[in-house]
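A short worksheet on the structure shown next.
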Amino acid sequence: MNSAYFILLIQASDEVVNAYLNSFRFHLWMEHGAVADMEDDIVRRNDHPPTPAERVQIVDYIIEQRANITIRDPWIHDMFPMHDKQLTDKLISRWITSWRVLDLVDRKILKLLRYNFGEKVSYYFAFFNYYNRALIPIAIIGVVLQFLHGVIPTATYMRILPFWGIGVSVIWSFTFLKTWERANATMQFEWNKKLHVKQIEYANKFFYGEKKVNSLTGELEVVYPAWRRLPKYLCVIVFMLFQTVIMLILVAIWVTIYEMLKAKYTESHIFSTQWFLILLEGIVFGLFVDVIQWNMVVTKMGALFTHWENYRTEEQYERSLIRKLFLLDFLNYYTWFFSLAFVFVIPGFGDYLTNSLNRMMFGDAMNCCFGPYVDQHGTCIMCPLGPKDATCIECVGVFTFDRHHVDLSAMFVTPIVVTQLLNIALGVLMPKLVRMRREHAQESADAEAQKRVMETGSMKILGSLDYEDKKSSQFGNKSSARYLEYTASEIEVLNKKAREILFDSEQDSYDPYNDFHAMTVQYGFTVMFSILWPLMPFACFLINILKFRTDGYRLCKTLKRPIPRRANGIGAWKGILTVYAYIAVIVNVLLICISTGALEFFDETCVRDIENQLEKQGKTLNDFVLGPDFGCLHVTWRLLVILILEHILLGFAYLIMTRVPKVPDWIHVVMNARENQFKELLRAHEQDLFPAGSGQKEVISGRARGATSSADESATKERGVLLSESRIDITDIVNRTSRAIDPELLARRNISVDSITPVSERDVSDLEIPVSDGHRAKAREQLARQWSATSD
């Protein structure tokens, strides 16, 4: 009992769990299993005790489905599974506080995660570990390349840079995706002894709609028309465009402040005033864009729009949200980098955008001069746009830009290092600080309440309670009475437990969705922009070591325990990673041929031209900043190289994704052997399952059909359907037809199968009638046990 809430802790007994366990596993096989998996999923697995994850799912089913108690009830504040303290302490000691770097998750830890939190959570940590280990080779190469930058000539470094970018975006990215597919198949087989075909889906608790009769099953089901989502999609598009405009303005503001700092503080060495101020600017910008604008606005609005669209299952909801945030990533999050890499660095584009913003915000002329086009006396040296002899005045607006100050290799420190560290700190420290503050306040209130009880006297309070007769009082919920029967130390233990539960109820349930999203964004940075900053994979690797542990700590300590969910892999995120990989190929080709200036260094004439330009500024080739020289290499040649290189690289990536098998050969051998064994089992019982010349009265839904045919004609037709389609499917055997099984044989083998007329023999009107399913569940299980005993 708490001053604000009544806390009810529910634990299902072993008898209750076991009563639901077999039907729970059988239903899971019915929805997502294959016919050949009957023995493993129904017979052998029923002998295994329930896992903690299954216990949580069964209790959740009993409360919400059988007792019909949901979170929508106005009297219910929250319902969630409690953490197992013994388990969480074990995970923290053996995993989170471990200093092992290369082997972040062993099989035992993954088994604990799977058995206690479900496969969806365990797949996230398995993938995270696999991804971070895959970063090691390119992280080492990136560190070596960054070291060589200061040793080898600039021209040689710029010629190596394209091969590095292609290696990461093509060879590493697609090899990583393909090897993960094979590792995912291996995990599926090791965990379930099979490969799932159908993605497991769970009903969305917040789905609503109109109740209509299903013409196939004859049952009422909730339906939501797809056309009602169209206006909602339009709202999402408007929001995306609005966010894109905001990001372009924010980038222009960042560039303007950056230029001001560059102009006012000329010393640019490390730990200088300019260095500190630019770092502070990056922190503030990253805090606003990533933490405030993205986490608090974009992701919340994305979830709101997706909830508004109203999807039937959790997986449909998540897929829609993933697609939405993927587009928002490109239109908002990556706008910052694409605008600097492909807009501001191209001569004329950055100047045009700066003039446009000054005109829109401050009413300047479209061709006013700013920044590098103004001398120290405020006089225009030349106009940014138009012919060289054009006249213009200085801009009144504050937006400014100098293409030579944009260092593409330095703009990733903010999102990769600063922003991710801020997110990690906020994700761990903020809940911890809030919990300490609230627990301290609640502890003081509990101590004051206990003090009043001690001053008044527990016996007086007990005596004032209105007890009924002895029998009814045993069944009455006299929580306050029982509370007073405890000692002060026991009451403090209960209060401490209550404070923990109340704090957990105010937190979100752990969902790997947000962590998957952060990882895919980082993966996008790695495959698309490592060419600009070779230290990118190394920085990601170091941050992931910290983030991996903080994610585990959040799972065990600061967030609610999730309802376990089964999964076949990382779901829709695999498709998002593949799209990132293909886009990275195009982005790297554009960076090589347009933005970085690397293509020019393969032409000696262009190298000499760049050297001459730097000499005029009192610099050498070692001072070269990434950027193109359009005066040396014509746009036509650049486009030709882009088309050729892009087609070659995309073709190579396509070969990797399509020619390398997704499943290891040894799993294929085991699966084929199992399939052959199942076919041999069917062949051995063919006479029992398909006896020649026997027939049964055809029945649908327990009603005799009006017209019947002879036994020979029925057997001929039924066998003709099977043989003409060259299939013997056990689903047809059990679910749809009796195949004229001899009743005496069924009685002898204790197999009860409903006699259902084949679809080919039914009238069109009969298809609208629901088929009886009274004894099928029992028949399938008995049939599976018979096959298991025979195969053994």
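Glycine residues also receive a Cβ, built from the backbone N, Cα and C atoms like all the rest.
All annotation found in TrEMBL is predicted automatically rather than curated by experts.
Copied over from TrEMBL, here are the features:
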COMPBIAS  773-783  compositional bias 'Basic and acidic residues'
DOMAIN    114-671  domain 'Anoctamin transmembrane'
REGION    773-792  region 'Disordered'
TRANSMEM  130-148  transmembrane segment
TRANSMEM  160-177  transmembrane segment
TRANSMEM  233-255  transmembrane segment
TRANSMEM  275-292  transmembrane segment
TRANSMEM  330-350  transmembrane segment
TRANSMEM  408-429  transmembrane segment
TRANSMEM  575-599  transmembrane segment
TRANSMEM  635-657  transmembrane segment
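Within the chain, the transmembrane segment (160-177) has long-range Cβ neighbours (under 8 A, six or more residues past its boundaries) at 131, 134, 137-138, 141-142, 145, 148, 526-528, 530-531, 534, 537, 574, 577-578, 580-581, 584-585, 587-588, 591-592, 596, 598-599, 649, 652-653, 656-657. Long-range Cβ contacts of the transmembrane segment (635-657) within its own chain (Cβ-Cβ under 8 Å, at least 6 residues beyond either end) map to 166, 169-170, 174-175, 177-178, 578, 581-582, 585-586, 589-590, 592-594, 599.
Under the criterion of 3 or more C-beta pairs below 8 Å, with sequence separation of 6 or more, the transmembrane segment (233-255) and the transmembrane segment (130-148) do not qualify as touching, having fewer than 3 such pairs.
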